[in-house]
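**Student:** The structure follows.
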C-alpha cells in the first residue's frame, strides 16, 4: 500500500491508477481533481479522522468513496485479490435528507456492486429491513433520526448488536448540527463515541472507528474537529477557489403578506424580471416549495412570455419551437403541454414518469430554458443550470402543519445546482426571502454562520435514551456522555449562547456542565422514568422511560402520560394528546375561529366530544390552540370532516399521525400499570386516530382500499355500512349503488379476508376454589382468513371492573393462535358481593371488529377455609391485580383437586398467591401453568404430632413469610443410665418445647426457592415456586416450665437412640410431592433467620419471641422421611435430599441458647447478627461439659454425642 501511495509532486493531480487494481473500476475518470488529490493521502493512505469544508459541487463525494475503499483494503490479499467477509466491517453514511440518501444508494450500488458490497437504505421510506439484513450489510445509508430510532431499541432488543462492527462513519452536511434536527446527529455520534470506549469493544472494529465529516464552508471547523478528535493533518478547509464554476449570489428581501401562503404566491410576479436581469438567456431552475407552486409559477411565466409574441425571451429559434410543439403532443398533462410550447416547463412528482422524462430531456438539450420544480429535484437527477432561483425560503411542513424555513443543507443543495462546468464558467444564485431573514442566508452563502449545538433543549430525551440502552449506568457515565457531545465543545467557546455567563472560570464551567447533567437526571427520576439510588449515583431505566424512548416522545408529553388518571376515558386521553409537545407548533389563527366555532356548535350531532366551558356547556368561541386541536381531531374522527381548508387539513393529518404515536405509548404504559379502563381507551383511540374514524362511525368501510367518503356514503345509503353487511352484499349491487364498473364489487369483497378471522369469546364459571372463583375464558376462531397473507394482531385483555385492574393481557396473532385457546383465572370475590369480569379482544389496526364480553362473579355465602400465600389479603375492591392467578392453555384444563379443610378463617381475608411457572407431568411443555397452591385430599393427615411435654397455644401472630414444605415429626426417645444422664440434666437449661396455638386454626404456606451458592446452600424467597400447605411443628423455646423429674419423660418423647446406627430420626408425615427437605426454623429475640431449600433451616419470630420449627416434606409412598441420619461407614452427617458434591460434612444452623453460636452463611433474609456454627462445634461443647462433670465420659467422642442428640 505504501508503494501505491508514492508522493511525488504534492501539487500534482492523483491518478486513479494509484489505487489497487480491484478498486480502479469504481471511478469513471482517470485523474482526481485538485481538492481530491490534496486529500488523497489522508483519505486513502491513512486512518485518521477527517473534517473537510468545501463548496458545494467541488467533489466531496469522491472523498467518501476513497475512505470506503481504504476500509475495504483490509480484505485485499498480497496478490491484490479482494476477499470480502460480509458484514464484518460496516460503514455508516448519515445524510440530512432521504432524497440524498437514496441518491447515494443508487450511485454506490452501481459503483461498489461489482465488489460484492451490500448497501442498505435505512429511512422512513424503507421499512423492509430486519436484524439479519442490518448485520449482513456492509454499507448502511441512513438519516440521523432513523438511525437514532433504530439504535434506541438498545442491547435489550438487539438494536445495538451491529454496533461493534462499525468501522467507518461518514457524515454528510455536518453543518446540519446548526438545525433543530442536528440534536439527533449529535446524539448518535456521541453514542458511537461512548460505545467505542467500552472495555468490551477493545478487539472490535468499533474501538478504532473512523469519522469523516464534510460540510459547506463554515467558520468554526476547528470545533467540529475537536468534537470528532481530528488531528491537524485531518482538517481540510477549501474556499470558493475550489469551485469549478464561479458563483454570484444574491439575496432579495420582500415585505411579508397576510400569511405565508399569500407571500409565496406574490413572489411569482417578481420571477420574470429576475430571470430577465440575471439569467441572460441561459438555462434557469426555479425551486418552489410545492407541486402546485411549481405548476403555477410555470403557468405565470408562460403567460407572460406568450403575451410578448415573437419577443418571447425563452424562445430562440423556430426549430426550437417545432421541437417543443412535437414534444408537447406526447405529454398527457394538458397544463404541461400549454407551458412547453412557450419554452417553460415544470417538473414534480404529480407528473407521470413519461412526462417527467420528456421534460428532463428537453431541459438537458436546451429546448426548455426555464424549468420550475420542487426542492426534491435538488437531490434527484442531475439537472444543473446557469441560474438557480429559490422562490421563498419557506415550505409547508406536513407534520407541523405550517410554513417553516428550509434547512440549511437543503438551501445549499439547491444552490449546488447553479453552474454547469462543461458549458458555463459562471453561475448565479438568487434567493427570494422575507426581509427579516436576509442576513441569515447571506451568512450561509458566505460561510460566516457559526455552527452551534442544538442538543441542550432536548438533552433530557437523549440522556434517557442512553440510560435505556445501558450505555449510561451511573452519573459519571452521564457526565462522560455529555462531554462526548458537540454541546460540550461549544459551551466552552460560546457559553452565552447557552445561557451561561461569558466570563465564568473554567472550573465553574465544568461544574455548570455537571449541574446540567444532574438536573436532567433528577427530572427523569422525579417522574419515574429512571431509578436512582439514595446517593443519586446509579442509574437504571424503568418501563416509562423505555416507552418514551421507544415511541420517540418528548419529555413534556411523557410527563402528561405519567400524571394521567388510572380511569381515563377517550375524552381524557384526547385532551392529553391536544396538550402534547409533539404538536405545540399548531397555532390558532384569527381567520379559523368562525369555522371552528361552527363545528363545535355541532347542530347535526356529529361529534363525540365538544369543547365545553366551566359551566359544562359548549363554548361558543374557541380561544386556545388546544381547543382548536380538540375540535379538529373530533371533526376528523367523524369520518366526514367539515374542514376542507388546505392548511387545516394538513394540521388535522398531523394531529392524527402524532396523536396515534402518543396513544400507542399510553396503551403500553397503562398495560404496564395494569389500569384496565385507561388501557382499553388508549387501545381504541390509537387505532381510531390511525384510521381517522370512531368505532361507531357509519363510514367504517373507508378502511378498505378503494373506498373514499363518496363511495362510503353511497354504500351507507344502500344499507351497507359494516363489514358484515358488505360480506353478504351482492357484488353487482355494490357496483350499482356506487356507480363503479365491474369488477369493483368483487375486488372490494376480496379485501375482507385481510381484516382477519372472526373470533368468539366464551366465559365459563368452573366453581369456587379456596375463596376464588375459577373462570375459564376461551377464544375460538370461527373462520379462517383464506387467501390473505397479511398478519393481524389483537390484544386480549381480561379486567376487573370494580378495582379497574388488568388481570390478564396477551397480544395474539389472530390467524395463528391455537384455537380454542383457554385462559384459567382464579378471581377473588368479596363476601355477599359481585365481581364484574370484562373480556376484550381489541384488533390492533382495524376499527369496528372488536369483541367485548362481560361476566358477573357472585358468591352469597363466601368464606375462606384456609390461608394460602405469603401475606394477609385485602378485600377485592382493594386487591392488586397480582392476586389473580392465571392458567393459560390451549385445550386442557387444570386437574388439580380442591381442599376439603374444616378450618374457616375470617371473611375479610382473601386468598393471595404469587405467580410462578411450573410444568405439570401431564401437560405439554408449551402449556403455561400459573398456580398458587398445592391441594391435598386428606386434611386429616396434616394434623400436628403429639408430644407428651408439649402443649398447644393459639397462633396469634402470623408471620409474613413461612416455610413451604410440610414436615411433622414423630419423635421417639430411648435412654441409657450412662453419661448421657448428664446431658439430660444439662438439657434442663433449655426452654420447654411447645406447640403453637395456630395448629388448631390454620395452616400457613411457606414459599421455598432453591438459591445456589458456593456452599450448596439454599435461601428463602417468598416470590418463588409453589406455595404449599404446611403444618408447622412449633417448638416454643422459653424458660424451663417443667420440674426436673419430668425431664426424662420429655427426652424419651423427643429423642430416640438406635444402637446399631447411633442415629436418631425425626420423622414426619410427608406430602404428595416426592422431594424431601428439612427446615429448621428458629427465632432468637426479634431477629429472624431464614434458610430454606432442599437442605434448609428457617428461623421465624413467634409470639413467645423464641420458638423452633421443624418442618419437612412428606414422602408420597411411605408417609415418612428421615430428617437427619448418620452413616456409620462414612462417619458423616447428611440431610436426606441433595448431598454436598464433595461428600464433606454438611454445615448447618443449629439452635442454641448461647449468644455466640453462629449459623451458616445464607441469603439476604438471614439476620446479620447471626454467625455460622457447625454441629461438630456444638457437640464439642456438650462433650466438654460432660467430661468436666466427672461422670466417666472418657469413652465418648464427638460422634457419639451427636448420635445421642
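Cβ coordinates come from backbone N, Cα and C, glycine included.
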**Student:** Choose the correct range: of 160-163, 164-167, 168-171, 172-175, which one does Swiss-Prot annotate as motif 'DEAH box'? Give that range.
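**Tutor:** Matching range for motif 'DEAH box': 172-175.
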**Student:** Which stretch does Swiss-Prot mark as region 'Disordered', out of 1075-1131, 1132-1188?
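**Tutor:** Based on what Swiss-Prot states, region 'Disordered' spans 1075-1131.
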**Student:** Would you identify which of the binding-site residues 55, 57, 59 has the most other C-beta atoms lying within 10 angstroms of its C-beta?
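**Tutor:** When each Cβ's neighbours within 10 Å are tallied, 55 leads.
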**Student:** Let me check the 10 A CB neighbour count of residue 60 (ATP binding site). How many other CB atoms are there?
**Tutor:** 24
**Student:** Determine which residues of this chain, when 54, 55, 56, 57, 58, 59, 60, 61 are set aside, have a Cβ within 8 Å of the centroid of the ATP site's Cβ atoms, and list them as they appear in the sequence.
**Tutor:** 35, 214, 242, 243, 416
**Student:** Including all protein chains shown, what's the count of other C-beta atoms within 10 A of the C-beta of residue 61 (ATP binding site)?
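**Tutor:** Looking across every protein chain shown, the total is 16.
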**Student:** Name the residues of the same chain, 6+ apart in sequence, whose Cβ is under 8 Å from the Cβ of residue 56 (ATP binding site)?
**Tutor:** 216, 412, 413, 415, 416
**Student:** Looking only at Cβ atoms, how many others are within 10 Å of the one on residue 54 (ATP binding site)?
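**Tutor:** 22, counting other Cβ atoms within 10 Å of residue 54 (ATP binding site).
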**Student:** Return the residues near residue 58 (ATP binding site) by Cβ distance under 8 Å, restricted to its own chain and a separation of at least 6 in sequence.
**Tutor:** 33, 35, 238, 242, 243, 244
